[in-house]
Amino acid sequence: METLLQQLTRGNALLLIFILGIGGSFQTGYHSTELSSPSPYIQRFINSSWYHRYAERPPPQTITIIWSLIVSMYAVGGFFGACSVKLITGTLGRKKAMICTSFIAIVAAGIMLASKAAKSYEMIIVARILYGYSSGLGDGSHVMYLAEISPTKIRGTVTLTAMIFLSLGKLFGQFVGLSEILGREELWNFVLCAPALFSVVQVIVLPFLPEAPRYLFIEKGSDKACKKALQSLWGQGDYKQEMDEMLTEQAAMEAAPRKSTLQLLRDRSVRWQLLTMSIIYYCNQLSGISAINTFSFDIFLKAGIPTDNIRYVTLGLGVSQIITSICCGLLIERIGRRPLFWGGYGLMSASLVLVTVTLNLKDSSYWVPYISAGLICLFVIFFCGGPGGASNTLQSEIFIQSDRPTAYVVLGMQRWLLFAVLGLVFPFLIDALDSYCFVLFTCMSLLACLYTFFLLPETKGKTMMEISKEFKAITIYGKSFVEEKRVETKL
């Protein structure tokens, strides 16, 4: 019996996973945390740019609004990037779509680098929109690419590498933001464009690696190119079982052709899949994880952590995410997907309740803020080791080839729209509700825990056609969402 590492190193699979990771979810992770450490410097830059232009200091609310725009415009770009996943991956293929995302990220980095010299906070906003577009397109393309190169037995582990690289990106963003590295006032623009170096590596290396075998077989109809890609990735072999599975999926695709977004939303056969992923992504975004990643500096400041120590606390947060994501990768093929979801959401809810309590007691003793920070770290660990790690895997498993690109568009739009709203609202929410904003996050985590415990089917070790049948079998009070209307004709 081959180990996972032996399977990954028989061909170019491990190299492809790495190259996809640094140009895919790594970029998203970095851009979700890059603003945390340099946030006071950027806000001072907004202040000085405004004064340079208008010869007067801007009102504090104006700085807050511009800062919220810088944060949230990344998600607006991500929304439009997610909208274009189907078009670009379908037209160019998975590999060229990833190269396209890296080119956009490199252009955005150039604009960001020049913004300081130009004294223009508008250029920061434009660069953040482009970064967002690159991430929205790259997220969908990355996970789709991983799902279409991986054998059924290790599909969960391979697709979960997207989460590991996301966590690595977050940690790298926090590490680069340290004052000992680039986290100084004169270098904040370098912090915001550092990941472009990895985009350059992807642009250079990815053209020499194979296209996704499923895409080549099912959509391009080239069994020879598919077999060649499989052998390049996983070593020599006939791969008859894998190609037979693709053939079955291709037959199902011919019976149910590729759908538009509206057609997919109306299709009863995928209603449970869409509802499940929508609830999971809504609850993920509204569980507080996005707010903690983006506004960790402000949250820890509110918690009472001394300013000089915050950067090191966020670094510890990043390390814990990586360790937990790797552990999740080792567990996902052993215990399955369901326990990771409902168990993770349940533990997240408990930790958020305790965070709310300790934030209200922060002035009672000097050590209470550090308890709050520890509980926030636990919350992040429970997220990354549970729903955060398993979400991409589940999304890649529950849609057949014909529905997958459109489903990624629908779900990506929801995720990025929520992220945009949260980015705009959270700075005002934390000012208005203080620690009680975590009560809202607790409710969303509890909702997701109950839904995944009672309704989510297990997908471990099953083909995509088998998983589709599992979802069709879900009933509530004996009624299924996928029952088609019957028309009786009396003769």
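Heads up, the Cβ atoms here are built off N, Cα and C, so glycines get one too.
Long-range neighbours of the transmembrane segment (12-30) within the same chain, counting only residues 6 or more positions beyond its ends whose Cβ lies under 8 Å from a Cβ of the stretch, are 98, 101-102, 105, 131, 134-135, 138-139, 141-143, 145-146, 149, 158, 161-173, 194-195, 198-199, 201-203, 205-206, 209-210, 232-234. The transmembrane segment annotation in TrEMBL covers 12-30 (among others).
For 17-460, the entry in TrEMBL reads domain 'Major facilitator superfamily (MFS) profile'.
Look at TrEMBL and you will find 65-85 (among others) tagged as transmembrane segment. Panel annotation: around the transmembrane segment (65-85), residues 31, 35, 39, 42-43, 46, 58, 97, 101, 121, 124-125, 128-141, 144, 294, 405, 408-409, 411-413, 415-417, 419-424, 427-428 of the same chain, lying at least six beyond its termini, place a Cβ under 8 Å from a Cβ of the stretch.
Look at TrEMBL and you will find 97-118 (among others) tagged as transmembrane segment.
Here the transmembrane segment (124-146) has long-range neighbours at 17, 20-21, 23-25, 27-28, 31, 42, 69-71, 73-85, 88-89, 94-95, 97-98, 100-102, 104-105, 107-109, 111-112, 115, 158-159, 161-162, 192-193, 212, 392, 395-396, 404-405, 408-409, 412, 416, meaning same-chain residues at least 6 beyond its ends whose C-beta is under 8 angstroms from one of its own. The transmembrane segment feature in TrEMBL is assigned to 124-146 (among others).
Summarising the annotation, TrEMBL assigns transmembrane segment to 158-176 (among others).
According to TrEMBL, the transmembrane segment annotation covers 188-209 (among others). Here the transmembrane segment (188-209) has long-range neighbours at 12, 15-16, 19-20, 22-23, 26-27, 30-31, 34-35, 37-38, 41-42, 45, 95, 98-99, 101-103, 105-106, 108-110, 112-113, 115-116, 124, 127, 169, 172-173, 176-177, 182, 232, meaning same-chain residues at least 6 beyond its ends whose C-beta is under 8 angstroms from one of its own.
Taken from TrEMBL, the feature transmembrane segment applies to 272-292 (among others).
With a cut-off of 8 Å between Cβ atoms, the residues of this chain six or more beyond the transmembrane segment (312-332) that come close are 33, 36-37, 156-157, 160-161, 163-164, 166-168, 170-175, 177-178, 292, 296-297, 300, 305, 340, 373, 376-377, 380-381, 384-386, 388-390, 393, 460. Look at TrEMBL and you will find 312-332 (among others) tagged as transmembrane segment.
Residues or ranges marked as transmembrane segment in TrEMBL: 339-361 (among others). Counting only same-chain residues 6+ beyond the ends of the transmembrane segment (339-361), those with a CB under 8 A from a CB of the stretch are 280, 283, 287-288, 302-303, 328, 331-332, 368, 371-372, 375-376, 378-379, 382-383, 385-390, 394, 434-436, 438-439, 441-442, 445-446, 448-450, 452-453, 456.
Residues annotated as transmembrane segment in TrEMBL: 367-386 (among others). Within its own chain, the transmembrane segment (367-386) has Cβ neighbours under 8 Å at 163, 167, 284, 287-289, 292, 299-300, 303-305, 313, 316-317, 320-321, 324-325, 327-328, 331, 340-341, 343-345, 347-348, 351-352, 354-355, 358-359, 361, counting only residues six or more beyond its boundaries.
Among the features that TrEMBL reports, transmembrane segment is placed at 407-430 (among others). Sequence-distant neighbours of the transmembrane segment (407-430) (same chain, 6+ residues past either end, Cβ-Cβ under 8 Å): 64, 67-69, 71-76, 78-79, 81-83, 85-86, 132, 136, 139-140, 143-144, 261, 264-265, 270, 273-274, 277-278, 281-282, 284-286, 290-291, 294-295, 298-299, 302, 395, 399, 437.
As annotated by TrEMBL, transmembrane segment applies to 436-456 (among others).
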Exercise. Apart from its near flanks, which chain residues at least 6 from the ends of the transmembrane segment (158-176) lie with a Cβ under 8 angstroms of it?
Worked result: 13, 17, 21-22, 24-34, 36-37, 139, 142-143, 146-147, 149-150, 182-183, 191, 194-195, 293, 311, 314-315, 317-319, 321-322, 324-326, 328-329, 332, 384, 388-393, 396-397
